[in-house]
């Protein structure tokens with residue numbers, strides 16, 4: 001065993017106080033497993049704009065008591081240095097139902113308490129959106145949510161919200177990361193093992209439980225978005241699944257707030273279960289495989305609508321039984337434009353004072369990998385459309401900044417294709433709880449009129465043109481391979497000029513935007529207008545036929561994602577062109593066999 005590895009082992013054993021993770025490292029040492037020890041100890045888990053996310057096991061590169069302690073110490077010091085009166089403003093801490101989430105939350109709470117912070121620690125598991133909502137409403141300095149969202153059961157994460165209630169963005173991530181590196185040794189005066197004492201938080205020992213206050217205030221705020229008292233709704237059953245996560249009781253409360261008939265829960269998945277026993281991936285975005293029990297429940301209860309939250313309830317999936325008896329799982333773009341249309345129709349409920357402004361005083365946002373249909377809608381209806389980078393750290397901050405510019409504009413809606421939706425400005429992050437209640441009301445209004453969600457989507461396509469997309473991914477477990485694949489596509493700046501056969505002009509590439517290098521030949525100076533990041537891989541190709549294809553490395557999972565969209569007036573033509581485009585993107589750009597990329601198991 002090398003001196004380097006021995007030094008890393010000794011450092012870990014000096015700092016780690018958890019017997020389970022200490023034994024993991026000791027066992028690896030005893031087995032002389034140098035390779036695994038290097039994987040666990042050589043690199044530190046990186047703190048980025050998404051905070052931390054990784055597998056729960058021993059080692060500096062993983063999620064465990066020690067790395068959460070170190071992250072909390074660094075965050076604490078950064079907040080003290082950056083936000084005035086941060087200790088009296090306090091920190092809000094929430095956690096989901098995963099293994100170790102409560103323990104990690106206690107560590108975070110004890111760390112901040114040791115520095116004299118007021119600590120709001122939820123007494124029960126909560127949806128991620130509750131923390132985003134709670135931070136500004138409690139006038140706190142910072143928020144932390146312990147969750148790995150829809151990741152596999154062995155993962156966990158540490159998500160940070162700024163005092164605005166928005167996810168942190170650059171440069172905060174770099175500042176926090178630097179402070180973590182300066183505070184690696186656990187502070188001696190922190191005790192995270194004692195039982196939590198709740199009180200008013202003023203005695204230097206107790207913590208404040210914000211659960212009842214925030215639950216009441218949150219539902220009071222989202223009630224403003226309900227239009228059920230003004231329109232007729234069908235009396236039809238709706239099936240809901242929490243996907244073994246936290247959403248059940250909170251979605252139930254949101255339905256009650258909207259005065260909707262109680263949903264029918266998927267019994268096997270309504271209670272939190274850290275093992276996620278009924279699904280391979282606890283991710284409703286995976287489609288019919290993840291929604292198998294939901295469909296069975298719906299069939300048994302004569303329901304044609306399924307609403308599904310992911311485990312931390314910040315995202316929403318939707319499925320509907322069609323007239324032919326088959327089930328359609330709507331993708332994120334379809335749900336996004338449907339909710340955008342609902343927000344546009346009911347924009348007075350999203351306007352302060354309940355009045356209606358000029359069309360160009362409203363704005364909506366979606367991400368660069370989401371459908372161009374929202375932009376098409378904006379051009380036809382006259383509202384402002386803004387495009388931003390992938391992730392709600394961009395959408396939330398863009399919405400917050402625009403609202404606080406005081407230029408008379410009103411934010412209506414923002415979404416990303418990965419089934420994340422922000423309806424209104426109750427909070428500035430994606431929220432599957434309020435989205436579920438809002439979508440239920442929308443769907444029931446359609447059913448009352450003899451229509452359906454799919455029928456309404458078709459009517460939107462007739463108005464704005466068919467915008468049909470295919471988004472999928474391959475697993476890419478090695479970061480160096482991800483970079484290599486994208487660099488091969490760049491070909492030292494000599495990008496492909498077309499896809500397909502020489503005599504097929506429709507896939508001639510008319511524009512390339514590379515947000516890793518900052519190149520965008522859609523502008524005279526060939527400089528990208530969206531923010532550029534050399535540490536993330538993302539290239540978009542625009543085709544002569546109006547189609548768009550984006551390739552992107554995920555920031556939170558080992559996935560190389562592709563997003564392809566075709567636009568046109570005739571559905572069958574758009575669908576066939578999309579099928580061909582996806583095939584070309586996979587075979588000519590991604591080259592999964594050559595690059596040894598692993599497809600999803602259900603493909």
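Even glycines carry a Cβ here, placed using N, Cα and C.
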> In Swiss-Prot, the Mg(2+) site includes 310, 312, 314. Which of 149, 459, 469 does it also list there?
Replying inline: 149
> In Swiss-Prot, 53, 149, 314, 315, 390, 416 are given as binding alpha-D-glucose 1,6-bisphosphate, so which of 35, 328, 375, 430 is in that site too?
Replying inline: 430
>> Here's one to test understanding: among the binding-site residues 53, 149, 390, 416, 430, whose C-alpha is closest in space to the C-alpha of residue 312 (Mg(2+) binding site)?
In response: 149
>> Out of 149, 390, which of these binding-site residues shows the lowest number of other CB atoms within 10 Å of its CB?
In response: 390
> Here the binding-site residues are 310, 312, 314, 416; which one has the lowest number of other Cβ atoms no more than 10 Å from its Cβ?
Replying inline: 416
> Quick one: which residues besides 149, 310, 312, 314 have a Cβ within 8 Å of the Mg(2+) site's Cβ centroid, in sequence order?
Replying inline: 96, 127, 128, 147, 150, 245, 309, 311, 313, 315, 432
> 53, 315, 430: which of these binding-site residues has the sparsest Cβ neighbourhood within 10 Å?
Replying inline: 53
